[in-house]
Structures are given as structure tokens and as C-alpha cells.
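Q: Sharing a structure here in C-alpha cells format.
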């Protein structure tokens, strides 16, 4: 299974195009354009597993830095400020990592 089994390759490409320049990544815009915001809880858990590179069950800042590359390998890395903003947007319990439930809440907010 690949990420394009869940999301359209065209939607992913369009979402990445919108944030190709550093410091232009806006999570909610990315979620909408890529189609993530329309996904069910089950589909988002599948997406979360793709993003969770080390399969630890949560995303840390190191994994978030490569968030865009999980959708397309040649995409850019998130900047430090983008990574921090993404963490702040989802880390509801302040433990420095994002669980699957927190990810789902962020995408659907």
C-alpha cells in the first residue's frame, strides 16, 4: 500500500505546489488541498502510519521536519518555524509528540 492508494497523486502534487517555498506551509490549507481533511478516521490512521517513519506510534519534531517528503520524496523539508508551528497545532497534551488521535483532531479542526 502506498499513500496514493488513499490520496490522489494530483491532489498531493497540488498541495505540495502551494507550499514549495520555505515558510509557506499552512497545515489546514495543505490538509484541504491534499484531501486529508475529507478522510475518515480510519483513513487518517493509515496516513498517520505513513508519516510515522519509525513506527513509534507518534510523530516527533524530527519526523515532522520531513512531513512533506512522506507525501512525495523530492518535496522540501519543513523549516524549523514550520515544524514548530505544526507541532504546536497538534500537540494538545504538550508532551512534544503527536499521537494518531491528535493528528486526526488537527486535520479535522
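Our numbering is plain: 1 for the first residue shown, then up by one each step along the chain.
Note: Cβ is positioned from N, Cα and C throughout, glycine not excepted.
According to Swiss-Prot, the Ca(2+) 1 binding site annotation covers 52, 54, 56, 58, 63. What Swiss-Prot lists as Ca(2+) 2 binding site is 91, 93, 95, 97, 102. Per Swiss-Prot, compositional bias 'Basic and acidic residues' is recorded for 94-109. What Swiss-Prot records for 39-74 is domain 'EF-hand 1'. Sequence annotations record features per position, and here Swiss-Prot assigns domain 'EF-hand 2' to 78-109. According to Swiss-Prot, the N-acetylserine annotation covers 2. Look at Swiss-Prot and you will find 82-109 tagged as region 'Disordered'.
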Q: Need the DSSP three-state call for residue 2 (N-acetylserine) to compare against my parser.
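A: The residue in question, residue 2 (N-acetylserine), is coil (DSSP, three-state).
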Q: Fill in the CA-CA distance, residue 95 (Ca(2+) 2 binding site) to residue 58 (Ca(2+) 1 binding site), as an integer in Å.
A: 11
Q: Specify the nearest of the recorded positions 2, 91, 97, 102 to residue 56 (Ca(2+) 1 binding site), where nearness means the distance between Cα atoms.
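A: So, spelling it out, the nearest of the recorded positions is 97.
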Q: So which recorded positions out of 2, 93, 97 end up within 10 angstroms of residue 58 (Ca(2+) 1 binding site), measuring C-alpha to C-alpha?
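A: Within 10 Å Cα-Cα: 97.
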Q: Which residues, sitting 6 or more apart from residue 102 (Ca(2+) 2 binding site) on the same chain, put a CB under 8 Å from its CB?
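A: Result: 90, 91, 92, 93.
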Q: Give the number of CB atoms, excluding that of residue 93 (Ca(2+) 2 binding site) itself, located within 10 Å of its CB.
A: 10
Q: In whole Å, note down how far the CA of residue 97 (Ca(2+) 2 binding site) lies from the CA of residue 54 (Ca(2+) 1 binding site).
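A: If we compare the Cα positions of residue 54 (Ca(2+) 1 binding site) and residue 97 (Ca(2+) 2 binding site), the gap is 13 Å.
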Q: What does DSSP give as the helix, strand and coil breakdown of the domain 'EF-hand 1' (39-74)?
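A: Residue counts in helix, strand and coil order: 19 helix, 2 strand, 15 coil.
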Q: Rounded to an integer, what is the Cα-Cα distance in Å between residue 97 (Ca(2+) 2 binding site) and residue 2 (N-acetylserine)?
A: 24
Q: So which other residues, same chain and not among 91, 93, 95, 97, 102, have a Cβ within 8 Å of the centroid of the Cβ atoms at the Ca(2+) 2 site?
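A: Surrounding the site, in chain order, are 58, 90, 92, 94, 96, 98, 99.
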Q: Around the recorded Ca(2+) 1 site, report the further residues of that chain (criterion: Cβ within 8 Å of the mean position of the Cβ atoms of 52, 54, 56, 58, 63; site residues excluded), sequence-ordered.
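A: Going along the sequence, the neighbours come out as 51, 53, 55, 57, 59, 60, 97.
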Q: Express the distance between the Cα positions of residue 52 (Ca(2+) 1 binding site) and residue 2 (N-acetylserine) as a whole number of Å.
A: 14
